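Novice: I have a structure here, written as structure tokens, and I will follow up with some questions on it.
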Amino acid sequence: ISEEIIFGGLVWILVASSLVPWPLVQGWVMFVSVFCFVATTTLIILYLIGAHSGETSWVTLDAAYHCTAALFYLSASVLEALATITMQDGFTYRHYHENIAAVVFSYVATLLYVVHAVFSLIRWKSS
């Protein structure tokens with residue numbers, strides 16, 4: 001199983017269970033984590049069943065998807081970190097710690113998608 005799926009799923013669970021001060025930020029982070037979770041799972045399943053048949057269009061798709069996912073996750077990570085930093089009174093210590101964990105796992109997922117995007121671009125360039 002892909003590390004992106006594991007950390008993306010953790011972000012999804014943490015953001016869904018936490019209380020984010022700005023609903024728009026929570027919506028964007030949830031969209032990014034769910035979209036990337038489903039898309040990465042779909043791509044892995046398609047690769048495992050051999051739907052790619054070694055075609056170069058799949059290499060292009062892989063590179064484009066992981067670059068987009070890395071950009072999405074970077075934006076979601078920055079917004080989640082900003083929302084966590086600006087948490088004010090009315091939020092419990094537990095909510096604050098859940099948001100911190102979501103930020104950390106979101107940045108880890110971002111790093112994993114960036115690394116995968118770099119290797120996908122190298123593979124795309126050589127094909």
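Just so it is clear, glycine is given a Cβ too, placed from its N, Cα and C backbone atoms.
Annotations in TrEMBL come from automatic prediction, not curation.
So TrEMBL has the following annotated:
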- 1-125: domain 'MARVEL' (DOMAIN)
- 5-22: transmembrane segment (TRANSMEM)
- 28-49: transmembrane segment (TRANSMEM)
- 70-88: transmembrane segment (TRANSMEM)
- 100-122: transmembrane segment (TRANSMEM)
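Thinking about packing and proximity, how do these listed features fit into the structure?
Specialist: DSSP labels the residues of the domain 'MARVEL' (1-125) in these numbers: 104 helix, 0 strand, 21 coil.
Residues 8, 11, 15, 20-22, 25-26, 28-29, 32-33, 35-36, 95-96, 99-100, 102-103, 106-107, 109-110, 113-114, 116-117 of the same chain lie 6 or more positions beyond the ends of the transmembrane segment (70-88) yet place their CB under 8 Å from a CB of it.
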